[in-house]
Amino acid sequence: MKFLLLVLAALRFLTQVIPASGGGSKCVSDTQGYCRTYCHQGETALFMCNASRKCCASYSFLPKPDLPQLIGNHWQSRRRNTQRKDKKQQTTVTSS
C-alpha cells in the first residue's frame, strides 16, 4: 500500500514538471510553427524566436510563391529568332 502511494505521488510530481507541449512552444499566433533549437526533417526555419531558438514550420504550411505567368510559348519564339539570325550570319560569312 505504501509503495502504491509512493508511485502515485511520483506520478503527480512528474505531471507538474514535464511540459505538455511535447517539442516546443508555438511561434507567434499567425504562424504554423514551433520554437525549437533544431528544426526537424521536412521543416524550415522562418525566423528566430529568441537568441537560441528558431521558429520551425513544415514545408506544407509555407505559402506558395507567386510565379509570373508565361503567355503562350514566348520563350520558343525567341529561340527560333536567334536560330534564324545565326543562319543568316553564317550565310553572309560564307558568301563573302
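Each Cβ is built from the backbone N, Cα and C atoms, and glycine gets one as well.
Annotation source Swiss-Prot lists signal peptide at 1-22, citing sequence analysis.
Applying an 8 A CB threshold to same-chain residues 6+ apart, the list for C55 (disulfide bond) reads C27, V28, T31, G33, Y34, C35, A45, L46, F47, M48, C49. The annotation disulfide bond is assigned in Swiss-Prot to C27-C55 (among others) on the grounds of similarity to another entry.
In the three-state DSSP reading, C49 (disulfide bond) counts as coil. Among the features that Swiss-Prot reports, disulfide bond is placed at C35-C49 (among others).
According to Swiss-Prot, the feature disulfide bond maps to C39-C56 (among others), an assignment based on similarity to another entry. Taking the Cβ of C56 (disulfide bond) as centre and 10 Å as the limit, one finds 22 other Cβ atoms among all the protein chains shown.
According to Swiss-Prot, the feature region 'Disordered' maps to 74-96.
What Swiss-Prot lists as compositional bias 'Basic residues' is 76-87.
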Lowest local Cβ density among C39, C49, which the record lists as disulfide-bonded residues, within 10 Å: C39
Collapsed DSSP category at C56 (disulfide bond): strand
